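Enquirer: According to TrEMBL, the protein has these features:
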| type | residues | note |
| --- | --- | --- |
| DOMAIN | 169-428 | domain 'GP-PDE' |
| TRANSMEM | 32-51 | transmembrane segment |
| TRANSMEM | 63-82 | transmembrane segment |
| TRANSMEM | 102-123 | transmembrane segment |
| TRANSMEM | 135-155 | transmembrane segment |
| TRANSMEM | 441-460 | transmembrane segment |
Amino acid sequence: MSHGLLQRYEHQPFVSCLAGLYGCQWKHYKRSHFAVLVAAFCLTLLFLYFWGQAKNDYNDFDWWIGILVSLMVSVIAMAVLSNLWSKEWRTLLLSFQVTAPFLHVGGVLLMTSLAWPVALHFFRMKSTGESQMRLIVAVYLTVLLSLYLVPLGLYSPCIKEKGTLGPAPALIGHRGAPMLAPENTLMSFEKAVEAGCDGLETDVTISFDGVPFLMHDYTLQRTTNIHEVFPNRTNTPAARFTWNELESLNAGDWFLSHNPFGTAGSLNADDRQRAGNQSVCSLQAFLQLAAQTGKLVIFDLYRPPRDHPFRDTWIQRTLEVIQNESSIHSSQVLWLPSNLRALVQELDPELQQTSGSRLPLEELQSNHIVKLNLDYTSMSAELIREYTAVNITTNLYVISQPWLYSLAWCAGVHSVTTNAPQLLSTISSPLFIMSPDEYKLMWILTDLMSFVLILLIFFFHRWKTHTRTHTYLASNTSNLYSDVILSDIWSVSSGNSAAEKMPSLAAVTEH
């Protein structure tokens, strides 16, 4: 199967950040780039602190330069991220479908809180420039009005009428339960069964002597101790080993030492010991477990490399194991490989033909496809309804987060492949689900309260500005009146002094 979000090794910084924020798994994703994320965060805080303290020099600080610099940095950063992580943006867009109603409320609250500085700036600028004043208010009101009307074009599968929600998607363990045991081992699949999975997913490779076994990677380096047992063959393809050689490898120690999901520490002593003793699992053992527990199975089947004895008979060899070497019923097998599909259908018509790509309905029906196995980024409630109408169910991989599982549930997905069956099996209803009437009430109340608060804020700043202006004018008038009175008193006093001196001078003159 394709790697899940937590299993992708390309663009690791983005995956690490998401895993830390949404999965609280920082421990496993500690890398040198984590220091870069911390440094960027600190620089952001430093810039915000500088911005906040610059208000001391409000009249001297050029706010427009700060805004333009921020916008330029944001645009450049978004361009770089879009280039590096183009596939992951689809996950972000999907998250908006779940959180959109609440993001709308958050956006309105944010714009309402911005009313305070906008109103303050608005009335301060009255005396400096009417054009700038109008521009600020126009931009603010435009954004605010847009937010008020966003729900008119908002779509969320989780806004549903009561009684229209379908059953919860069935769970298929991705390589078993890889958070609780080493992936693709018998222990991992047993843990998936215990967690309530309805199906098990794996990857099948053919050994050099024709034994189908479970291995996702092309080599054995990541999930076995190949470097200890066969140190000179670490880069050899897994299909180049015989079954006896594969059985001699340990397929569990790496799980305890690398702790891929940060969950190994939660295992009890018995499970830790058992996990450390796991070996490479054969397809026959895997199918027997599914047969005994009544679970569906789905697997990717890798064609052996060139010069491999079973390169041209790999499909037939796998069918032999299903039909003759295990007790599983063919109807429990979701047959995913697209190679020689017509031949497979002819040899075993009871297999549930499953397609890993979206094809026209006519082609799907002509190939007897009964299920689609698609990446979760292909999620679309409309397409799911179209396929359901012609009796084609949909499975999405790899979904391990509750919000994404909730979205799949609301969209009508029939099953999901997951790394966390122990988590998703505990969800009794979708997160964030609400009826249209409930959302309309929330929308109207939010917009109404925001509008009233903004009016009050603007009236307050208008009253405060007028009060200050009147106080200032009254103070200046009082000072001016005082100066005039003092001037008059001084003039009268000076006149009296002059009059007193005049008789004295006259007396001196007479003498």
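Cβ atoms are placed via backbone N, Cα and C, with glycine included.
If you look at the structure here, what lies around each of the features I listed?
Expert: Tertiary neighbourhood of the transmembrane segment (102-123): same-chain residues 96, 133, 136-137, 140, 143-144, 147-148, 150-151, 154, 432, 442-443, 446-447, 450, 453-454, 457-458, 460-462, 464-465, selected by CB-CB distance under 8 Å and a gap of 6+ residues from either end.
For the transmembrane segment (135-155), same-chain residues at least 6 beyond its ends with a Cβ under 8 Å from one of its own Cβ atoms are 97, 100-101, 104, 107-108, 111, 114-115, 118, 121-122, 125, 439-440, 443, 447, 450-451, 454.
Under 8 Å from some Cβ of the transmembrane segment (441-460) lie the Cβ atoms of residues 101, 104-105, 108-109, 111-112, 115-116, 119, 122, 144, 148, 151, 434, all in the same chain and six or more residues away from its ends.
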